[in-house]
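Here is what Swiss-Prot says about this protein:
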{"type": "BINDING", "residues": "G26, S27, G28, K29, S30, T31", "note": "ATP binding site"}
{"type": "DOMAIN", "residues": "18-214", "note": "domain 'DPCK'"}
Amino acid sequence: MDKVKFSPYETPGKMSYKVGLTGGIGSGKSTVAKIFSELGVPVIDADIIARELVKPGQPALAEIVTTFGREILNAQGGLDRSRLRHLVFTSEALKTRLEAILHPRILQEMKRRATRLSAPYCVLVIPLLVEIAQKDIVDRTLVIDIPDAIQRQRVKARDQLSDTEIEAILRAQSPRAVRLAAADDIIVNDTDLATLQRQVEHYHQKYLFLASQQRN
């Protein structure tokens, strides 16, 4: 997904109603976020912010190097993401240390960007919204749901990961039932793009209404 454009809503005003968009790997979060964006909704994506935070010269990258060693860098001095992913998914302790470095910074930046918006509502894409127990940063939680078998098929086709790597990622995320229990709203992404589009448009109208109620 391209970097979000905040115009024309990047002006001080009443704070936007915040919808937290989450779901497991391969559930279709980026596609749903893109549809919301095409409907004119500002989207703030945690993964995009995370990539910005670990660019060369950023304090977060320096702290990661201090924690993991310089072997975590590639030849150009940037973060070797594949090596980092391997390390954190084979060590719970290293995963926890990485999260302690990145999560507070990501959430702080998401909050900062959200306060600049005057749109009726915005979407905060947070893959680990349920896991980090920070639901209070959003007004409503929208979960993208996908059956387990379809999820594994899509991830394997998209990311070219081994079954072992996929299982490690899934273990690091909340079980499907836990995500669904935390949801205020659910989009089921198990058919085609047209069906997905209709579901997003339905919730778009719902969130416009909820945002108007909050502002009154």
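Numbering starts at 1 and runs along the chain as it is shown here.
Each residue, glycine too, has its Cβ placed from N, Cα and C.
Around T31 (ATP binding site), the same-chain residues at least 6 positions away in sequence with a Cβ under 8 Å from its Cβ are N189, L193, L196. Neighbours of the ATP site: apart from G26, S27, G28, K29, S30, T31, residues of the same chain with C-beta atoms within 8 angstroms of the site's C-beta centroid are G23, V32, I144, I146, N189.
Take the binding-site residues S27, S30: by the count of other Cβ atoms within 10 Å of each Cβ, the lowest one is S30. Under DSSP, G26 (ATP binding site) is assigned to coil, being neither helix nor strand in the three-state scheme. Close to G26 (ATP binding site) in the fold, though at least 6 residues off in sequence, lie I146, Q151, R152, R154, V155, R158, each with a CB less than 8 Å from its CB.
A 10 Å cutoff on Cβ-Cβ distances gives K29 (ATP binding site) a total of 26 other Cβ atoms nearby, all chains included. Along the domain 'DPCK' (18-214), the predicted structure has mean pLDDT 92.
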